[in-house]
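As annotated by Swiss-Prot, active site, nucleophile applies to Cys132. Taken from Swiss-Prot, the feature FMN binding site applies to Ser21, Lys45, Ala46, Asn101, Asn129, Lys167, Ile193, Gly219, Gly245, Gly246, Gly267, Thr268, supported by similarity to another entry. The substrate binding site feature in Swiss-Prot is assigned to Lys45, Asn69, Ala70, Ile71, Gly72, Leu73, Asn129, Asn194, Thr195; the stated evidence is similarity to another entry.
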Amino acid sequence: MTRLAVSLPGLNLKNPIMPASGCFGFGAEYAEYYDLSVLGSIMVKATTLEPRRGNPVIRVAETPGGMLNAIGLQNPGLDVVMAEKLPWLAEHFPDLPIIANVAGYTTEDYVRVCEVISTAPNVAAVEINISCPNVKRGGITFGTNVTAAHDLTQAVVAAASVPVYVKLSPNVTDITEIARATADAGADGLTLINTLTGMRINLARRTPVIANATGGLSGPAVLPIAVRMIDAVTRVVDIPVIGMGGVMTSADALELMMAGASAVGVGTANFTDPLACPKIINGLEPLMDDLSIASLEDLRTQVRQSR
């Protein structure tokens, strides 16, 4: 293994950096900027059973230290993802493990999509999105209720043929309760944090700046919240965490790993700089040299032993 390599259920990664779902499309959108094979993995855009048009515009607005978004899980649906999106990645980047993000209105939706999408040859794991704050039906209910999160996870684990990661919402009183419930239900790993629900108002119009009124807050402003929640979750569950939330630099990525994350998702940074992920990857080893970190697996071991 190289210094940057990390291993998680279903994922033997050359490095821990991956674009977070919803911030990188299905990969082809960024392939014109750099060779995607440099990435550890790609968490592709959420897939639902049927196509979704998403929320009305305006969907995105800048905020101090970040952005609000209310995309509404726009995607072409399972059939198109299986017939076009995943095969394109398999053809052009055959050695790149894909994490397929899955969303739905009902347990049956999640189960059906996971059953099918986990059969794609390049899908190494599925990430079930129980935490999106923008959809008026389904997701947020699963993500904020201990019993619902447990039962959904249990159903998906039984249906999927690859490891299952559960994406947790920060919009809860105690994220460790949801983490324990999904781990007890058989989740192979967790991803956190998703966006925090926020709102801004246009003073001249006296209306919210985005059409959905509320949206998910992301970007550098949420990094300290991500650090706190990753630290809390990794102290109460034994399954690995892919950390995300406000990562803009190599130092941010290492900070999440020092908080307990085993790998790192990069979201909003991809919008401000299409080359954000390779820049973060390239900056890791020099920073590790400065901090006397022999390898990321050594760092993971040290963090676990310090608990």
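Note that Cβ sites are derived from N, Cα and C of the backbone, with glycine treated the same way.
The two recorded residues, Ala46 (FMN binding site) and Thr195 (substrate binding site), have Cα atoms 14 Å apart. When Cβ neighbours within 10 Å are tallied across all protein chains shown, the highest count among the binding-site residues Gly72, Gly245, Gly267 belongs to Gly245. The DSSP secondary structure for Thr195 (substrate binding site) is coil. In this structure the C-alpha atoms belonging to Asn129 (FMN binding site) and Gly72 (substrate binding site) are separated by 12 Å. When secondary structure is read from DSSP and collapsed to three states, Lys45 (substrate binding site) falls in the strand class. Taking the Cα atom of each, Gly72 (substrate binding site) and Gly267 (FMN binding site) are about 16 angstrom apart. Site extent for substrate: among the recorded binding residues Lys45, Asn69, Ala70, Ile71, Gly72, Leu73, Asn129, Asn194, Thr195, the largest C-alpha separation is 16 Å. Looking at the residues that bind FMN per the record, Ser21, Lys45, Ala46, Asn101, Asn129, Lys167, Ile193, Gly219, Gly245, Gly246, Gly267, Thr268, the two CA atoms farthest apart are separated by 20 Å. Annotation for Lys45 (substrate binding site): spatial neighbours Ser21, Gly22, Phe24, Gly25, Phe26, Asn75, Asn101, criterion Cβ-Cβ under 8 Å with sequence separation of six or more. The DSSP secondary structure for Asn129 (FMN binding site) is strand.
In the structure as shown, the Cβ atom of Ser21 (FMN binding site) sits within 10 Å of 27 other Cβ atoms. Taking the C-alpha positions, the distance from Ile193 (FMN binding site) to Ala70 (substrate binding site) comes to 16 Å.
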